[in-house]
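Enquirer: Input: one structure, supplied below.
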């Protein structure tokens, strides 16, 4: 059985993601499609709109055969670490190919850019340092350094988030397994950061989230997401009363900051020298997460990076914790599968280099500690009694199982 | 100018406290009355019903001339440490006498008991250890050990909270300044722990709090508190919308517990070996503070001690923090005064052995760190926008000043 991998967040799932799944199947000719998905906190340093369980159902409904979790230690990270964790896990599950979305949908520029930067590593790093010293954020420094090397015209545009991720997937595979075959599909119309709807069926997840935040009704997003996703969002709202937004976690972030001294804050992952006092002062002044972010932002730190720092503070994620867990993922957390996925896992089970975790209680808690904490924190976005219900879910919830293979044919 | 000291919490102020003030004045013949008062968190390990500023006003209205704060590091403590901090501060402010409430209102038994225990220290400590090893709580062990020594019939009943405190005041003065003269007044009717009203004008603070918690109206407590206190409670409720209860802090306590690993929890003050896992497990199961307390209580730990532990977790108060600050108070935080109090402070200012803090911003933050954190935590019992308003209060609030000397003559 041949499998293909995709790397996703599904926040929430939309028609563009469905196209990605269909194209991956078509291009890879794989029997089985495996998605590695961020858990309850995402790469951009924010809580997912709905839980990983709900997003797993969306994925299975849309035809993914197996969904595994990208652990917190790799999900809430810059592109390089995120990519490493995701490619590592897909490789562990024996995926022979990985398909990602990009701006132009051509793989060759990625390969050329990869080789090009490999050739000029030293100059590249020098320029990055130069730009960082000038006070630029890391992503801006990367992009500016790249431009300084005078890449050919058909090089990848490394200012686009999807391209940056794709570039790092190739890079990661170069270290992990050079045999992995890459494919890329062109993103359909909507730009990653688009906040408004431009097309009638394709919108960015950002625009969908914005609409869900602004409208109490889910009708406005109906045409941009599969029916099964729409129903899942409705179920979630009915069951838990709300979606998850940073603002719901603000009181806890503020509480945490106001009970820390600066040396403890400095022990939190990614909190660099000099940022502590800025964070502590803003925590006292701000009365919302947005107000807090506005107070702490600078040219040096991207919004995304600051959000990740806030997520680490909220999750009490320390530098020392990350040192211990960061190198490679050491477990595969199964979130969901259909019948085909189950057969595939039975087939490869004996060759898996990592333990496959389907029941949390059967594994030493330390191994999963970061993800368990993330799940507890995530529950705090809900009021009681839903919070309590949610808190126990992580220990009781078996992987979602779809008996049949729902390949969506909308 | 001669001054007398009293040690109070005023949670809230009531007619029994007013009697205490009047009797202290009468018996001590002092010109000035100084109260050292617990801040926003109290000896029993709970948030005060209303802020220290509001309780300071109640005290000034009732005729206290100076109110200073017993720092968190001494207030949220067992009787011995609480007494040491309070007597130390009153002595620093040159009080020549201290008057406390007791069950029988006779000082001699306290002096005799003090001497008696001094004589039998070794046997006493042996018995305490014996009872502790049997699994008794510390206060029960103390009381049982005392009984084992066959004290005379007129010895102090050391099973009563007020008597225990009084005993420790005398003990503390023995180390700090043997010249301090003690007086004691008989508590009027209401028992410390009484939960119901028995008398028409005197009720315990416990009964008053219980009534305030159960009734949305303040009318039920009107006859047990001075008019000025009643108005202050009304103002507080009108301004902040509510009083402060442990349940309001439960989400933050739970959040904090669920984001800690057991070794970090063990670093919190008073969290002893073996309690960590019990606390962490209960945090996952409970959906209220009361439910949490019911889950963690054992014969070994009194309810009060467990509440103090919860308060320390909530305040992120570590063992190492307390090691640094616990020996003696090193500042006098002025909360309020009337004109007479101001004159007295001017009079003794030059002889004070400790800095008198009336403006927080004028002192290094480290010195007051514990109290500033306690104030930030306390604010989290209120919803926005009151929380933000409250958060900034600590830095802006000057000591409460009453131009005239309101000696209440009800």
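Note that Cβ sites are derived from N, Cα and C of the backbone, with glycine treated the same way.
Curation plays no part in TrEMBL annotations; they are all automatic predictions.
Since the structure is predicted, the reported quantities are computational estimates derived from the model, not experimental observations.
Grabbed the feature section from TrEMBL, which reads as follows:
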type: BINDING; residues: A:7-20, A:101, A:162, A:187; note: ATP binding site
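In terms of burial and nearby residues, how do these features look in this structure?
Expert: Other Cβ atoms within 10 Å of the Cβ of residue A:7 (ATP binding site) number 25 in total over all chains.
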Enquirer: If you draw a 10 Å sphere on the Cβ of residue A:13 (ATP binding site), how many other Cβ atoms land inside?
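Expert: There are 29 of them.
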Enquirer: For residue A:13 (ATP binding site), what is the secondary structure state per DSSP, taken as helix, strand or coil?
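Expert: Reduced to three states, the DSSP call for residue A:13 (ATP binding site) is coil.
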Enquirer: Would you count the other C-beta atoms found within 10 angstroms of the C-beta of residue A:19 (ATP binding site) for me?
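Expert: Excluding its own Cβ, residue A:19 (ATP binding site) sees 17 Cβ atoms within 10 Å.
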Enquirer: Please identify, from the binding-site residues A:10, A:16, A:162, the residue with the sparsest Cβ neighbourhood, meaning fewest other Cβ atoms within 10 angstroms.
Expert: A:162
